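Participant: Quick paste from Swiss-Prot:
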type    : residues                                               : note
BINDING : Pro32, Asn33, Gly34, Ser35, Gly36, Lys37, Ser38, Asn39 : ATP binding site
COILED  : 192-528                                                : coiled coil
DOMAIN  : 546-658                                                : domain 'SMC hinge'
COILED  : 691-1051                                               : coiled coil
Amino acid sequence: MISISEIHLKNFKSFKNTKLKIPDGFTAILGPNGSGKSNTIDGICFVLGKTSAKSLRAGKFNQLITYHNGKRADYAEVTLFFDNINREIPIDSDKVGICRKVKLNGDNNYYVVWYEVEKQNTKINTESSQKKTSKASKVEKRRRMKKNEVLDLLSKISLIADGPNIILQGDLLRIIDTSPNERRKILDEVSGVAEFDEKSEKAKKELSQAREYIEKIDIRINEVRANLEKLKKEKEDAEKYTVYNKKLKVTKYILTSKKVEFLKMVLDETKDEIEALKETKNCYIQDISNIDSEIIGLKVKINELVNELNEKGSEEVMELHKSIKELEVNLNNDKNALENAIDDLKHTLKMEESKNNDLNETKEKINNIRIDTLKKEAEAKVLIKEIEKLNEERQNLEKKVEQSESQVKALKNQESKLSERINDTQKELYGLKNELNQLENTLNNRTFDYQKNNETIENLTNQIAEFSDLEDTKKLYKELEDIAVELEFSKKKLQEKITERNDSQSKLDNLHSEYVKENARIKTLKDMENFSLDRAVKGVLDAKLPGVVDIAGNLAKTKGEYKTAIEVAGGARLNHIVVKKMDDGSRAINYLKQKRLGRATFLPMDRIKGMDAKDISDTGIIGKAIDLVEFDIKYTNVFKFIFGNTHIVDNLENAKKLSLKYKARFVTLEGEVIEPSGAMVGGNIRRNSAIKVDIDMKKLTNLSEDIKELEQILSNVKDEIERLNNKINTCSTRKLELDNRLKIARDQEFKKEEITKSNNLKIKELNMLNSKIDDEISELTDEKEILSQKVQNLDNKLSEVMGQRERIVNEIKSYENSELSKRIKEIDHKIRENESSKNTLENEIKKGAILVKEVLIPKISELNSNIKSLADKKNMFKNSVEIYKSNIESNSSILSDKRGKYEELTKGLKDLTDKKECYELEIENLQNNKEELREKATDIDNQVNVINVDRAKYETRLEEEERKLYLCDTLENIEDISDEMIEETYSLEIDDLERNQALLESSIKKLEPVNMRAIEDYDFINERYEELFGKRKEYEQEEGKYLQLISEVQKRKKETFMKTYDRVAENYEQIYGEIGGNGKLSLENEEDPFSGGLLIDASPMNKQLQNLDVMSGGEKSLTALAFLFAIQRLNPSPFYVLDEVDAALDTKNASLIGDMISNASKESQFIVISHREQMISKSNVMYGVCMENGLSKIVSVKL
């Protein structure tokens, strides 16, 4: 077992430079009070790692450094040397030291110290020679170490500064007086259950981590579940949308196919119907012909009857009968003619109006052309005059030219003929070129249309391509998961921090309350003793220093009934001096120092801040203190600082009730105060007194430090809350952004589907159009090639003729005078130009004249003729209407008269007349049948016309339906459609198909907009959901594993602890028996010892078993020492340090304890500080400590 061999104290407390050898066994240190004997124990604790200067009986670590002769040393250093023969410390040295050094600036350093043997060569001079000898010496080595490394090293050799083997002054009674739980923890340390605690803590951390993972997984699962539920409906809609679209495509294709078939069938039927109607019409015409034959036969018979009547009756009857029939026929014809005349009149009026409109438009065109022609004729006349002048000049020039008449004439004749040929050819070429230009224009237009369609197709294709790089929603959903976890955990941490803030705020409020109370107590004492304060204030105000305003109380006023309450609420702060700036306050403070006027408090307006009072409306509340005071608004912060969250109430009873409800300061009208903490201030208001009292500022200082510390903690917590709030806001914003991006992605997907569908349809239509244009271009190109070839041939012919003419002209030029020829040439050129311009104008005039003469004037004539004809017709029809109306009236009257007369004359010729009438009736019936047949024939013509109109409509519809069929997706191109669906759709009629199409289109419209990514996203999210559930099960298994591990560790911890407890309890009973009494240890909770404490019962000699609480100080010390020795016997420490543990023992018990230490020192080192002879006499070595010149000195005595 390792032991301390030596202690070196250098500049440590009262020791300047002291080395203290510590042998095995029992070492006693004694000396008078204040000699510094306990400083040796402090040195040991210092090296063993005490972290608090106060535990070493110093304010700060640098106060451990020796202070002597008015000067403090540069550092303090203590080294504990250990016997390392067994190499328990892993350094190859028999003696190893642990050193701790503290400097004036408070820096602490640790070192490991050992000694190495080095040989040194020395020379010895003699008279005859020099000899070399070697001498071994020990050299100190040290290596700096970290504190944790030192503590780990000490722990390995069972040396701990806070262990039960080091008992300082007062520790013995603290062991007894401490709580049972703290006492049990001593056994925890002895039994080594900390190892299990570490394992348990590690397992708990792992368990916590597993649970945190589960919590995170649950958040992810909830987020994924929410997305899954949202996507489920969208997926179903997308699937429906896909199915509906497929059905719609099939329905459209089959419906359009059936419509095409139906229209073709209808056209065939109409063709057959027209043929049948024409055959029927032919039958009617044949029937009419037959009726005409019958009518002729009947008329012959009637003539015979008439002849017979003539023979038998008077001619007058016959004439009268004939006249009646003619009148009846004429009357019927006039009625029919009247109806027709009225219809014709209406039609004529419409035609007349239309022709008049055309006539006005045509006249306007003629007028415009005539105006234009007059302008051009004027221009042409000017050109003609100029040409005449030029021709006259040319003739004069030609007369002057002498030339060979015969040759020049012949050449000119040839040139003239060639010119005519050239003119004819040019005209023909001009016409062909015009035709070619028109053809090229048409070709260019169609080519332009073709290219424009291609550009449109390219644009439409590009529009589709723009949607190829849509945002990956899988990444967005994954990021939403991460954000959800971060957001939920941030909210959880925020709640924890808010709870911590509230707790800290509550503690702070309590501390503030205590501080205010203590400060008020101190202020009262100061007010009682320090009457110079008013003098200081008065001195500053009288000095009228720059920036000094006044005391706060003078800057406000209140009503008389509130005076006491406001004075108490403001307290001494009302006497604080208000200054404009901090510099003004500094100036006033310096003034007080210079004049020695005392002290005063200053409130700088540029820095002072206060607390806003909360709004409280309840029984007894008069108002906020600050609201019951009148002051200039610029002093608002000053009075916020003075009054804070203070409210004035009517009486103490209401104040008490209000303080239970609200966290505020309440002051009654009589001056009682209830602080937010619940503290109450009241009673009789006392005046200043001259009695002086000592003022202990320690509590106030401690409260102030605690407040600062808690305020810092609260500030940190608030910062963390703010950070978490910012993080939550950031996460929430990010989540909204991701949700928005998801929505945009869904909308873009739907837009892509819509645009793709629409654009593909347009592209297909444009391709169909381009196919037709391509055919047109091909035809136009062929025509262009033919025309181009004709133009080329004419160009070649023209070039040849012009070449011949040029040769002749050159030959003529050779006979001509050069100067005259040049002028003639210029004249000819000018004439040609003018002729050309004149011809152009004449052509345009001719065109206009032709247009007027051949088109517009004939059209006007035609229109006038038509209008005149229509006017004549109109008049004729009007006259006809009047005539027919007059005839009908006249003939109706005549017919009535003749019928009366006829009836009188025909009484005797009834049979013949009846027979004749019968024939006439039969003729009339035949005529009616004939008319009916004519009408039927006319109806057939009308029906044929109607059918032809309908046929034209059907042909247009067929063309449209064929176009639609071309644009439809064929059944082969529609994916995933069943034969059953096709057969079922084919089985429906057109009406059913149209209804189905309307229903499908309506269903699709209701579903829109559709998230077409939902199917893919749903599958992805569903897989993620399953994956997360799998992970959760894994973490649940981990959780179970750690729970089981914690349970096993706790079980082993309890078993280990109980073994230690049983042995310590046994040792305790044995040791207490050795000192003449009975003792017993027991656990508060034997089932779960760690949830309870350790109880110690003892019965000193000749006393009953009793509780610690009723024992004397000596009995408690004896019991504590028995407890410590019981532990020592169980697990002896390498050494023990006891500082005046026998102080409360009587002589007998001190001797007994001395014997126990002496016996125990056979196994462990004991260093004991004591004044008792009974203790010291049992030691092996004794050190005496005394104080000389402010430094401790040590004298050793071996006993």
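Yeah, the Cβs are placed from backbone N, Cα and C, and that goes for glycine too.
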Participant: Tally the residues of the domain 'SMC hinge' (546-658) by DSSP class, grouping H, G and I as helix, E and B as strand, and everything else as coil.
Facilitator: 55 helix, 22 strand, 36 coil
Participant: If you draw a 10 Å sphere around the Cβ of Asn39 (ATP binding site), how many other Cβ atoms fall inside it, taking every protein chain shown into account?
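Facilitator: I count 21 other Cβ atoms within 10 Å of it.
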Participant: Mind checking which of Gly34, Gly36 has the fewest other CB atoms within 10 A of its CB? They're the binding-site residues.
Facilitator: Gly34
Participant: In the predicted model, what is the mean pLDDT computed over the coiled coil (192-528)?
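Facilitator: Result for the coiled coil (192-528): average pLDDT 77.
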Participant: At a 10 A cut-off on CB-CB distances, which of the binding-site residues Pro32, Ser35, Lys37, Ser38 has the highest count?
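Facilitator: Of the binding-site residues Pro32, Ser35, Lys37, Ser38, the highest Cβ count within 10 Å belongs to Lys37.
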Participant: Which of the three DSSP-derived classes (helix, strand, coil) applies to Ser38 (ATP binding site)?
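Facilitator: Note: Ser38 (ATP binding site) is helical by DSSP.
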